[in-house]
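See below for the structure under consideration.
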Amino acid sequence: LFTRCWAAPAVLFIGVAEGVFRGYANTVVPLVASMTAALINLALDPILMFQPIGWGVAGAAAATAISQFGAAAVYLQQLISNRMLPQQRAQKAPQVETLQLPTVADTTNAKGISRTGSRPAMGVIGTILGANVAMLAKQGSLLFGWAFASRRATTLGPAHVAAHQVALSVWLVFALILDGTAVSAQVLMSRAFAQKDKPAAKSLIRYMVKFALFQGLVSMLVVNGIDFAVPKLFTSDPEIQGHLSRLMPHLAVQQVIVSLTLVIESLAVGGNQFKLLAIGTALATVASIWQISQQTTVGGIWGIGIMTLFLGRLLTSCIATWQMYRLVGSADQKH
């Protein structure tokens, strides 16, 4: 932990820079940065962990920290080369299309008050802070729900918690794959929302929901196809294998729900429905925790508890997306 903490500035910078490039619909730079970090980590792990250096676990942590600084360097180089940093934009017009924040003059003139200024309006800062707080609450409730599921599995016994961790690893692999479409949905919807283009928003919602359903069905078929191999691949313990065999059908069915949830939720995020998503996710987490606390097997945790979480999130994201669609092009739309 001490070694990893040195990478905290790099991790923070990576998160911000990735958001910047996502805002410009540039997914190539984040891909290059991630690949750079992975290659550095892959190269340094054996060097730092084993002899002659022999740092062990600390070496693995150091390799990860160094790789994150490598990714941060890629982002910094791209920000500089594209003249996206504030001081560069002041000296010369940027080579990329930029987002213009409302100024104090823009905001106050809309209320009939004549003021001048070039600083970002306090309303914009308030909007950013409000979105950050809402998304922090949303992610925090999700993390708490997952942590509670792991804790409950731990109380059921070693075989249950082992099966739970394997299932979570498999679930994360597919969730990260499905999340690529969600990122695209968020970027495209934010453009349509900012331009008040209701026909484009309607078309995008229809297309993305169809694609989310399609990729979810494909993922479900893939999980069904590998369900016989996963238990034997991860463990030789017959009890854990038995739990995993009973878990795999739940993971397969959840692929469709997870895909729809991630994509529709991202559409709502693109339409600034942060508060509604935060409230709905918190309520879904509470319902999920209650269900998980009643379960006596890891299969129940996933088949009922985790499913409750994602069904609640899916319902919330549908409501939030509908609310966003109603606001597109209306007088109540907020920038």
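Every residue gets a Cβ built from N, Cα and C, even glycine.
Whatever TrEMBL says is automated annotation, not expert-curated.
Annotation source TrEMBL lists transmembrane segment at 31-49 (among others). Tertiary neighbourhood of the transmembrane segment (31-49): same-chain residues 14, 17-18, 55-57, 59-60, 62-64, 66-68, 70-72, 74-75, selected by CB-CB distance under 8 Å and a gap of 6+ residues from either end.
Within the same chain, residues 1, 3-4, 6-7, 10-11, 13-14, 17-18, 21, 29, 32-34, 36-38, 40-41, 44-45, 47-49 sit at least 6 positions outside the transmembrane segment (55-76) and bring their C-beta atoms closer than 8 Å to a C-beta of that stretch. The transmembrane segment annotation in TrEMBL covers 55-76 (among others).
The annotation transmembrane segment is assigned in TrEMBL to 121-148 (among others).
If one looks beyond the transmembrane segment (168-190) by at least 6 residues along the same chain, the residues whose Cβ comes under 8 Å of a Cβ in the stretch are 22-23, 25, 27, 146, 150, 201, 204-205, 208, 211-212, 215-216, 219, 222-223, 230, 251, 254-255, 258-259, 262-263, 265-267, 269-271, 324. The transmembrane segment annotation in TrEMBL covers 168-190 (among others).
Per TrEMBL, the feature transmembrane segment maps to 211-231 (among others).
Residues or ranges marked as transmembrane segment by TrEMBL: 251-269 (among others).
Annotation comment: TrEMBL describes 276-293 (among others) as transmembrane segment. Residues 134-135, 137-138, 141-142, 144-145, 148-149, 152, 265, 268-269, 301, 304-306, 308-313, 315-317, 319-320, 323 of the same chain lie 6+ residues outside the transmembrane segment (276-293) yet bring a C-beta within less than 8 angstroms of a C-beta in it.
Per TrEMBL, transmembrane segment is recorded for 299-325 (among others). If one looks beyond the transmembrane segment (299-325) by at least 6 residues along the same chain, the residues whose Cβ comes under 8 Å of a Cβ in the stretch are 142, 145, 149, 152-153, 164, 167, 189, 193, 198, 201-202, 205, 243, 246-247, 250-251, 253-254, 257-258, 260-261, 264-265, 267-268, 270-273, 276-277, 279-281, 283-285, 287-289, 291-292.
Within the chain, the transmembrane segment (251-269) has long-range Cβ neighbours (under 8 A, six or more residues past its boundaries) at 167, 170-171, 174-175, 178-179, 181-183, 185-186, 189, 204-205, 208-209, 211-213, 215-217, 219-220, 223-224, 227, 276-277, 302, 306-307, 310-311, 313-314, 316-318, 320-321, 323-324.
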